[in-house]
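Asks: Questions regarding the structure given below will be posed in turn.
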Amino acid sequence: MDKKVYQCTVSAPVNIAVIKYWGKRDVALNLPTNSSISVTLSQDDLRTVTTASCSEKFENDTLWLNGNAEEIFANKRLRVCVEELRKARLDLEEENDDLDKIGALKLHVVSENNFPTAAGLASSAAGYAAFCEAIARLYDLPWTPTQLSRIARQGSGSACRSLFGGYVAWEMGELHSGADSVAVQVEPVENWPEIRVAVLVASAAKKGVSSTAGMQATVASSTLFQHRIQNIVPQRIQEMKTAIRERDFETFAKLTMTDSNQFHACCLDTFPPIFYLNDTSRAVIRVVENINATAGKTIAAYTFDAGPNAVIYFLEENSEIVLNTLYAVTKNAEGWSKQYGSSPVTVDSAAANIVSSGISRVILTRVGNGPRVLTIDESLIDASGNPKFIGSH
């Protein structure tokens, strides 16, 4: 008889921080120097799909990411996640004789992103969230997203926030073990579904300084950073939670922009300095300022992670003015599904020229839900447990 292949397929979302995570107090456990808050983006537009499978016939624990195979145990972060999840399954099997004995079987995990990996679009967050969610579901672990977030965090810090939809906080915790450094939902999508998002991709090339290396250089050398984590972020976390709960966009927007600016100031204060923003990024900031000046209030907010791509938040009710303006300066970029009308905003001409030539792709999305379990039809492995390689989307 052919040996059975057990499998489960999930998708997980990208999240974009509005109060930034940057810096570890414990590198091995991925414990952060400060708490952070993010918005989960809709999986209709950006997602990682992962199938986790196990079988007696598999010889090695293997991950295929976008078609490239790697041994799971050769990657320390993947290995830590698998070891913890496997131990939890084996414990369940020891407690309950009726369970299939799958915990000790080798894993085949296949994962695909529908966006460029390592291009500043938080691919590791969605990737590790999907990886941990798929294996936890395969193993039928009776865990809450917060419990699973402790494991996902050890793969990629920001991944713990992709286990929830809506608005999510990664609480830094206090314990040396990291047991209390977990993600919690601040509010579900339903509390504030009107948030819209425009991602302006400035470069799909791999960034110069990786987040992992960059953040530890900042921790080691930036005096501004110490002020940030001790005196600024704790209050901002509380203010941001209140703004989200009260659906107060102006406060949400101001906190988002000032926190992005301070994060990049800390990068600049690192020695030697780290430059994630480029001329295109700075020009996008000008465009957002022009939009808000014309509106007479803050209706759009920019934020940048460890790369030049801009993420712009706005409310559905202001979509027309925001998108008409962005379209006017990026109409040659890929991703626009229709033409937009004229905008009342006068954009600084130098900024408009830089944005026009510097933005290659636009992704329009919105706040979205947490990981989904997908059907067998969407599985990335065939009946024998090998990748289908359906190709990139």
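Glycine is no exception: its Cβ is also placed from the backbone N, Cα and C atoms.
Note that the structure is a prediction, hence the values are computed from the model and not measured.
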Asks: Let me know which member of Thr50, Thr212, Thr223, Thr242 Swiss-Prot also records as binding (R)-5-diphosphomevalonate at the site of Tyr21, Trp22, Gly23, Lys24, Arg77, Ser156, Gly157, Ser158, Ala159, Cys160, Arg161.
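Replies: For the (R)-5-diphosphomevalonate site that includes Tyr21, Trp22, Gly23, Lys24, Arg77, Ser156, Gly157, Ser158, Ala159, Cys160, Arg161, Swiss-Prot also lists Thr212.
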Asks: Are there any residues at least 6 positions away along the chain from Ala159 ((R)-5-diphosphomevalonate binding site) with a Cβ closer than 8 Å to its Cβ? List them or say none.
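Replies: Set apart from Ala159 ((R)-5-diphosphomevalonate binding site) by at least 6 residues yet with Cβ under 8 Å, we have Ser124, Ala125, Ala126, Gly127, Tyr128, Ala129, Cys132, Ala152, Arg153.
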Asks: Validating a neighbour-count step here. Other CB atoms within 10 A of the CB of Gly157 ((R)-5-diphosphomevalonate binding site): how many?
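Replies: So the number of other Cβ atoms within 10 Å of Gly157 ((R)-5-diphosphomevalonate binding site) is 26.
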Asks: Tally every other Cβ atom lying within 10 Å of the Cβ atom of Gly23 ((R)-5-diphosphomevalonate binding site).
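Replies: Total other Cβ atoms inside 10 Å, all chains included: 23.
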Asks: Just going by other Cβ atoms within 10 Å, which of the binding-site residues Arg77, Arg161 has the emptiest spot?
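Replies: Sparsest of the binding-site residues Arg77, Arg161 by Cβ contacts within 10 Å: Arg77.
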Asks: For Tyr21 ((R)-5-diphosphomevalonate binding site), list the number of other Cβ atoms lying within 10 Å of its Cβ atom.
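Replies: That number is 26.
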